[in-house]
Amino acid sequence: MRILTFLLGLKTLWVLAFSSLSNTIAVNNSGKWWGIVNVASAGNVLPGSDARPVPLVLDPSLQLLSRQKRLIRQNPGILQSITRGLHSAIRECKWHFRNRRWNCPTGTGNQVFGKIINRGCRETAFVFAITSAGVTHSVARSCSEGSIESCSCDYRRRGPGGPDWHWGGCSDNIEFGRFIGREFVDSSERGRDLKYLVNLHNNQAGRLTVLTEMRQECKCHGMSGSCSLRTCWMRLPPFRSVGDALKDRFDGASKVTYSNNGSNRWGSRSDPPHLEPENPTHALPSSQDLVYFEKSPNFCSPSEKNGTPGTTGRICNSTSLGLDGCELLCCGRGYRSLAEKVTERCHCTFNWCCHVTCLNCTSSQIVHECL
């Protein structure tokens, strides 16, 4: 009996070690491509000489995978588009979380969002979804603007669309955007564990959100603006709309667990591993829901493990009962009030023709800072 117990213990340790290694592999690859936001520019793509053409050379500091490099070489202009999309995602993340304990801090280097990407919490889910959405949105827009040589407007919609309108114009190329988003972003995921499935799900949720937020725009034709006939096309939403939708899904994110129907094997085509809600009474998450598998840290104190700075020194709202209020944002530690001088433009006048002149007015305001 003791021998059996000992062997079972060894098996458990081996499984845990293998799982830990799998997680490490996934962590080492996840989000590496985000580093392009700090180094990507036109100078990172170097063409060969006219006398002896050679393949494009990418700056090694980008630390991209072979598939990602191939996509960049095959689609001139796409590196800049992906970089713009990542910048948009970072701005959107900081905007939506500006008043929360975790305010989407970013830094230099390859791990732009820090060690939070190694976790499996709600914040991690939002980061993966918004960055995937940013790439999809930016690439789709770049196609219709002619910034990427290998794609253009989406001309699949043609002909009559209804009794008084027809498809035409230049629809944003959402399908090419989703293709690049999937091939470029998802290729950085490695492993066969829960984190791998969760990251892929949230990447897909980000791309689908861009698709579902697209809207039809039309232009009227007819005598004296009668609008007897319209030409319509599909237009990408403002990226703020995408961020709003993903923030709503962050608030309603589903906690999930890994399921392979009790099998110890990775799975087969007929029975692949999948995500299930941790609470069996909850519905399965949809393809657009954000998912996570561990509770978020409280983000109150600096954490080397999570790479988060804590909330000391953050400006809070002393009259708010919400997340930006001093009681919640400062985690009960209290706050200090400081007088701060603010200089603003004032007493502006319009001068013919054509400029505006203003004075600089200085005032004092009280700000509250977490201890």
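Every residue gets a Cβ built from N, Cα and C, even glycine.
Per Swiss-Prot, these features apply:
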SIGNAL    1-19  signal peptide
CARBOHYD  N28  N-linked glycosylation site
DISULFID  C93-C104  disulfide bond
DISULFID  C143-C151  disulfide bond
DISULFID  C153-C170  disulfide bond
DISULFID  C218-C232  disulfide bond
DISULFID  C220-C227  disulfide bond
LIPID     S224  O-palmitoleoyl serine
COMPBIAS  261-270  compositional bias 'Low complexity'
REGION    261-281  region 'Disordered'
CARBOHYD  N261  N-linked glycosylation site
DISULFID  C300-C331  disulfide bond
DISULFID  C316-C326  disulfide bond
CARBOHYD  N317  N-linked glycosylation site
DISULFID  C330-C370  disulfide bond
DISULFID  C346-C361  disulfide bond
DISULFID  C348-C358  disulfide bond
DISULFID  C353-C354  disulfide bond
CARBOHYD  N360  N-linked glycosylation site
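Looking only at Cα atoms, C153 (disulfide bond) sits nearest to C232 among the disulfide-bonded residues C232, C300, C348, C361. Around the Cβ of C93 (disulfide bond), 25 further Cβ atoms fall within 10 Å across all displayed protein chains. Considering only the disulfide-bonded residues C143, C170, C348, C370, C218 (disulfide bond) has C170 as its nearest partner by CA-CA distance. Look at C326 (disulfide bond): DSSP puts it in a helix.
Among the disulfide-bonded residues C218, C227, the residue whose Cβ has the fewest other Cβ atoms within 10 Å is C227. If you take the Cα of C232 (disulfide bond) and the Cα of N317 (N-linked glycosylation site), they are about 46 angstrom apart, rounded to a whole number. In the three-state DSSP scheme, C153 (disulfide bond) falls into the coil class. C151 (disulfide bond) is 47 Å away from C348 (disulfide bond) when you measure Cα to Cα. A separation of roughly 7 Å, to the nearest angstrom, links the Cα atoms of C316 (disulfide bond) and C370 (disulfide bond). The disulfide-bonded residues considered are C151, C326, C330, C348; of these, C348 has the fewest other C-beta atoms within 10 angstroms of its C-beta. By a simple count of nearby Cβ atoms, those within 10 Å, the most crowded of the disulfide-bonded residues C143, C370 is C143. Here C370 (disulfide bond) is positioned 18 angstrom away from C104 (disulfide bond), judged by their C-alpha atoms. Under the three-state DSSP scheme, C227 (disulfide bond) falls in the coil class.
When the alpha carbons of C330 (disulfide bond) and C151 (disulfide bond) are compared, the span between them is 49 angstrom. Scoring each of the disulfide-bonded residues (C104, C354, C358) by how many neighbouring Cβ atoms lie within 10 Å, the top position goes to C104.
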